[in-house]
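Asker: This structure is in structure tokens; I'll ask about it shortly.
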Amino acid sequence: MKRKVKKMAAMATSIIMAIMIILHSIPVLAGRIIYDNETGTHGGYDYELWKDYGNTIMELNDGGTFSCQWSNIGNALFRKGRKFNSDKTYQELGDIVVEYGCDYNPNGNSYLCVYGWTRNPLVEYYIVESWGSWRPPGATPKGTITQWMAGTYEIYETTRVNQPSIDGTATFQQYWSVRTSKRTSGTISVTEHFKQWERMGMRMGKMYEVALTVEGYQSSGYANVYKNEIRIGANPTPAPSQSPIRRDAFSIIEAEEYNSTNSSTLQVIGTPNNGRGIGYIENGNTVTYSNIDFGSGATGFSATVATEVNTSIQIRSDSPTGTLLGTLYVSSTGSWNTYQTVSTNISKITGVHDIVLVFSGPVNVDNFIFSRSSPVPAPGDNTRDAYSIIQAEDYDSSYGPNLQIFSLPGGGSAIGYIENGYSTTYKNIDFGDGATSVTARVATQNATTIQVRLGSPSGTLLGTIYVGSTGSFDTYRDVSATISNTAGVKDIVLVFSGPVNVDWFVFSKSGT
């Protein structure tokens, strides 16, 4: 009996030791576990679990890492990142970089992404790295971007009407970068996505949040974010160049290439077609451009601008209180992303000078250029001879966010960067007793048309100039067309169906 008891005792001891070994091999869950909607800070990161309904579990681990599981949900988001006070733009924060790794196992509709919001404007944004059964957002892409070592993303913009937001129920824009192929680990330059969006006209506001996020929609799944490092402020936007190099007044000067400013709010922003400009301008702000070479003289000024309010820009020489050369009056263009070129006459200026733009209120500026001839007819001499060459850049108004005045190699200027639907208006053209044809000097790579209309872009159609390819945008040819007999003083509008550069045009009394 004693022998049997000893055997049982030895067996029990072995079992206990085995259990201890097994327990010792199981990792202890050190993270905090939450099940329902909650926000807070953990491990130096801001976190949030949000759902409308369903079963959710989120375990908060060291630093930015976490794991999550979901089922029977409507919509659920699990995220860890950094929140801000909506008082700085991404440029003011500096470079934002996310380095991540995730064991991602969705069953149905889900995203693995960098996610966040901005205010003013209110924007919800996604940089989607991987997804489940459906690739978001189900819209037509605006373009693509490629990041070195990160791959290619398609860009989308969608609108949410009366939907939940960080400011309650609201209507707001959603911006999307969606990879063309899935991945679950890597490094994301968030700032580069923001820059590319703005260059496509997708304006960012003041930063509220950036977070690595797992989102599920009417699905189930689990994910283990084993790496999530968010670095902010490594490389703020550099100050503009202080280069003393002379700049040609008659070539386009990019607004963001200024030498100094008195503004604490001004920022370099993105503009359509991958451009840049300046914005967040306030009354009294000044921007200085050094060493502008006017040669024998300039008497005109044009700027490509966007604004939702009427405002004005003074053009001064050498200092913010220097000689007032002229004032550019800017009417609302309809939105901060709708750019138009506006022109004004200035007092003749020669030689090399610093130019200071003095602002009376908010406006976005893409670029500006000076001209040797006055772009606006002088008071008391407000008609133009239809039978003398009319420079294309001497328009009174234009429609088209990307239209630009540029210098020609042999001297003079022209208009270009024209797209379908753009138009330019030339006021007070004196046709006398009647013109029946028009000739334009143009350059284009592809066949296109220019409609000649009376009064407005939808006014009476006088005729259409059919333009064949000239071989390149630098090869100019004269092209003519017959128009309906036009007499007296009229406003003429050129309406474009596609890309073309226009140097000048002129009317004649006989058909061509």
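We count from 1, first residue shown onward.
Each residue, glycine too, has its Cβ placed from N, Cα and C.
What Swiss-Prot shows for this protein is this:
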BINDING   E254, E256, R276, D366  Ca(2+) 1 binding site
BINDING   T271, Y280, N337, N364  D-xylotriose 1 binding site
BINDING   Y280, N337, N364  D-xylobiose binding site
BINDING   Q391, E393, S413, D503  Ca(2+) 2 binding site
BINDING   Y417, D474, N501  D-xylotriose 2 binding site
DOMAIN    251-371  domain 'CBM6 1'
REGION    279-477  region '2 X 61 AA approximate repeats'
REPEAT    279-340  repeat '1'
REPEAT    416-477  repeat '2'
Asker: Please report the Cα separation of N337 (D-xylotriose 1 binding site) and D366 (Ca(2+) 1 binding site) in Å, rounded to an integer.
Answerer: 10
Asker: Measure from the CA atom of R276 (Ca(2+) 1 binding site) to the CA atom of N364 (D-xylotriose 1 binding site) and give the result in Å, rounded to a whole number.
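Answerer: Pair distance, Cα basis, whole Å: 10 Å.
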Asker: Hey, what's the Cβ neighbour count for E254 (Ca(2+) 1 binding site) at 10 Å?
Answerer: 18
Asker: Can you give me the same-chain residues 6 or more apart in sequence from R276 (Ca(2+) 1 binding site) with a CB-CB distance under 8 Å?
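Answerer: Correct list: R199, E254, E256, V268, I269, G270.
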Asker: Whose Cβ lies within 8 Å of the mean position of the Cβ atoms of Q391, E393, S413, D503, the Ca(2+) 2 site, other than those residues?
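Answerer: So the additional residues around the site are S371, A392, D394, I405, L408, G412, A414, I415, V502, W504.
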Asker: Other than T271, Y280, N337, N364, which residues of the chain come within 8 Å of the D-xylotriose 1 site, judged by Cβ distance to the Cβ centroid of those residues?
Answerer: E198, R203, I269, G270, G277, I278, G279, A306, W336, Y339, D366
Asker: Taking the binding-site residues one at a time (T271, Q391, N501), which has its Cβ surrounded by the most other Cβ atoms within 10 Å?
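Answerer: When each Cβ's neighbours within 10 Å are tallied, T271 leads.
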Asker: So which of the binding-site residues is most packed in, judged by how many other Cβ atoms lie within 10 Å of its Cβ, out of N337, N364, S413?
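Answerer: Most Cβ neighbours within 10 Å: S413.
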Asker: For E393 (Ca(2+) 2 binding site), just count the other CB atoms lying within 10 A of its CB, please.
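Answerer: So the number of other Cβ atoms within 10 Å of E393 (Ca(2+) 2 binding site) is 27.
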Asker: Taking DSSP three-state, what's E256 (Ca(2+) 1 binding site) in: helix, strand or coil?
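Answerer: DSSP call for E256 (Ca(2+) 1 binding site): coil, neither helix nor strand.
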Asker: Looking only at DSSP and grouping its letters into three states, which state does R276 (Ca(2+) 1 binding site) belong to?
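Answerer: Strand, per DSSP.
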Asker: Around the Ca(2+) 1 site formed by E254, E256, R276, D366, which additional residues qualify by having Cβ within 8 Å of the site's Cβ center?
Answerer: A255, E257, V268, T271, G275, G277, I278, V365, N367
Asker: May I ask which of the binding-site residues Q391, Y417, D474 is closest to D366 (Ca(2+) 1 binding site) if we compare their C-alpha atoms?
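Answerer: Checking each of Q391, Y417, D474 against D366 (Ca(2+) 1 binding site), the shortest Cα distance is to Y417.
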Asker: Would you pick out, from the binding-site residues D366, D503, the residue whose Cβ has the largest number of other Cβ atoms within 10 Å?
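Answerer: Selected residue: D366.
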Asker: If I take the Cα of T271 (D-xylotriose 1 binding site) as reference, which of the binding-site residues Q391, E393, Y417, N501, D503 has the closest Cα?
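Answerer: Checking each of Q391, E393, Y417, N501, D503 against T271 (D-xylotriose 1 binding site), the shortest Cα distance is to Y417.
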Asker: Other residues near the D-xylotriose 2 site, CB within 8 A of the CB centroid of Y417, D474, N501?
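Answerer: Apart from Y417, D474, N501, the close residues are F406, A414, G416, A443, T444, F473, P499, V500.
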